[in-house]
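A.B. asks: So that we are looking at the same thing, I have put the structure below in structure tokens.
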């Protein structure tokens, strides 16, 4: 008997010599290890904000009681949007720009995302440069911010050793004094006295400039080969911070007075829960901590295999991120409690958030410990690893988004293109290395990812559920994971998540406060510039709509808008063997009428995923019959 011959049309174009290719498009690249994706997501979400924003937000908004709105907002807003972003990326294997084949009318959302991420990447790497500066400064027997008497110190400088001695004899008035660490930060590292304000940047600080160059060099070398290289680096940068955090936590809780700080951090004040501000603060913390809307999650998921269990990964990353934030609070406030006892002042007088905590308060606390350079080096090395993997995500998002738009030209030259992007962002960030650079950093931090980012996330949520359709989106997830999202996810996507985000947006606009740094108030032109940064990312959406409609033929509404809002012809899974139902044979150059046949040849029979494909096809046929009747 002769062997049956398989017709050519049943062979996937991705296969060569009759053998099926891998499940991911090789020319685009994909994760090479099982944990690459998970660790990259953890490294992206667990960043500097977990250490310097969450603990402060917790203690100012009700202590332990803050955890109630925090976890409620995580359930309503964080987990559902996180899962939605991962699903979009994995289903399409496309970056934040090309993914808008789902509804080309809204491609401006992707453009807005790239603008936001680019602005954030500029100043975020400057923070990493500050961390590198302190890291090198810790490689000494005596920390340079330990004592007064240096050329950068003023008459207001007061050493904590003097304060301690004064507490034992006569009370010392510290209200009009400055700590050595604060003067080291402002007068030596920033040299901010050389600038009169944001309009007078002053000279470039070459030591900061070199640190910024080093940080961009590190980032470039780690993303040189895309996710193949960054996916390996995160095995270290995503896990090592936990080791240091545990060491700092153990050291912190064994210090005298540590319990005072922890008590201050976690004592529940349930009356705060009646304030809307606390709920808004909890939602903001979730929103920025998980990094939704920045395109990083979508980009990482786009390098997954089609059937990767992102449902499980969503809960691992989001809950792990929350637990890390709480642990960081213990590590920070145990040391602040010890510091307040040493200085003889209440904890609330030493507690700060943001750069003030990382570069002033905590370094000062380090000087009070034995082996202070060792603990200082560990702390700043932890901040470095926390910051780097978030920066990897920002850069991978920008590079992936553009290369997916021009795959034939840029994918073969991805390393060179990444270098061009890094050099361009480094040059744009040079103004942050000047004596007045901190004013520009504050402006970027306040406005680049403010209301613009919220508009992007709200629009994404509404387009997926209303324009593309909830039923269709759930069917896509069913095809990919083998099950449909439950009522919890559907309710959040349809109502709860967008409503919460809109409440955040309204609150931000109503409670708008001009930027300030210490006692410095920004001039009106700087405020307008900041607002324009946020507005520009929002304007990308209507601009993208105009371009999409003009590319369509016919009248404006009947054909233009309606046609542009429908998914593109080649929308769907990137590999032909994963395309079933309406996605069959819709790829350019497609030869296979039934990708299911390709699967059967590959696996030698019908697997659970093929059963799912059959179910999805059957459901769609039933729906078509209902509509025709």
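Note that Cβ sites are derived from N, Cα and C of the backbone, with glycine treated the same way.
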A.B. asks: Of the ranges 37-55, 151-169, which one does TrEMBL list as transmembrane segment?
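C.D. replies: Checked against TrEMBL: transmembrane segment maps to 37-55.
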A.B. asks: For the record in TrEMBL, which of the ranges 253-279, 415-441 is the transmembrane segment one?
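C.D. replies: Going through 253-279, 415-441 one by one, TrEMBL flags 415-441 as transmembrane segment.
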A.B. asks: Quick one: which of 374-394, 563-583, 584-604, 605-625 does TrEMBL have down as transmembrane segment?
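C.D. replies: Result: 374-394 is the stretch TrEMBL calls transmembrane segment.
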A.B. asks: Looking at the ranges 215-232, 233-250, which is given as transmembrane segment in TrEMBL?
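C.D. replies: Residues 233-250 are the ones TrEMBL records as transmembrane segment.
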A.B. asks: The transmembrane segment (282-303): which same-chain residues, six or more beyond its ends, come within Cβ distance under 8 Å?
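C.D. replies: Here the qualifying positions are 24, 28-31, 37, 40-41, 44-45, 47, 49-50, 53-54, 57, 61, 66, 69-70, 72-74, 77-78, 81-82, 85-90, 92-96, 99, 110, 113-114, 116-117, 120, 227, 310, 317-318, 321, 325, 390, 393-394, 396-397, 400-401, 449, 453-454, 456-457, 460, 500-501, 503-504.
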A.B. asks: Check the transmembrane segment (67-88) against each of 37-55, 109-136, 374-394, 415-441, 447-468 and return whichever range has the most CB pairs under 8 Å.
C.D. replies: 447-468
A.B. asks: List, in sequence order, the residues of the same chain other than 43, 46, 50, 289, 321, 386, 389, 390 whose Cβ lies within 8 Å of the centroid of the Cβ atoms of the recorded Na(+) site.
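C.D. replies: Leaving out the recorded residues gives 42, 44, 45, 47, 48, 49, 238, 241, 291, 324.
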A.B. asks: Among 109-136, 315-339, 374-394, 415-441, 488-510, point out the range having the most Cβ pairs under 8 angstroms from the transmembrane segment (37-55).
C.D. replies: 315-339
A.B. asks: Any chance the transmembrane segment (233-250) and the transmembrane segment (447-468) are in contact, meaning at least three CB pairs closer than 8 A with a sequence separation of 6+?
C.D. replies: no
A.B. asks: Can the transmembrane segment (447-468) be said to touch the transmembrane segment (315-339) if we require at least 3 CB pairs below 8 Å and skip pairs under 6 apart in sequence?
C.D. replies: no
A.B. asks: The transmembrane segment (488-510) and the transmembrane segment (374-394): do they have three or more Cβ pairs under 8 Å, with pairs 6 or more apart in sequence?
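C.D. replies: Since fewer than 3 Cβ pairs under 8 Å link them, the transmembrane segment (374-394) and the transmembrane segment (488-510) do not come into contact.
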A.B. asks: With Cβ-Cβ distances below 8 Å as the criterion, list the same-chain residues six or more beyond the ends of the transmembrane segment (488-510) that contact it, or say none.
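C.D. replies: That would be 73, 76-77, 79-81, 83-84, 276, 280, 283-284, 287, 450-451, 454-455, 457-458, 461-462, 464-465, 470, 473-474.
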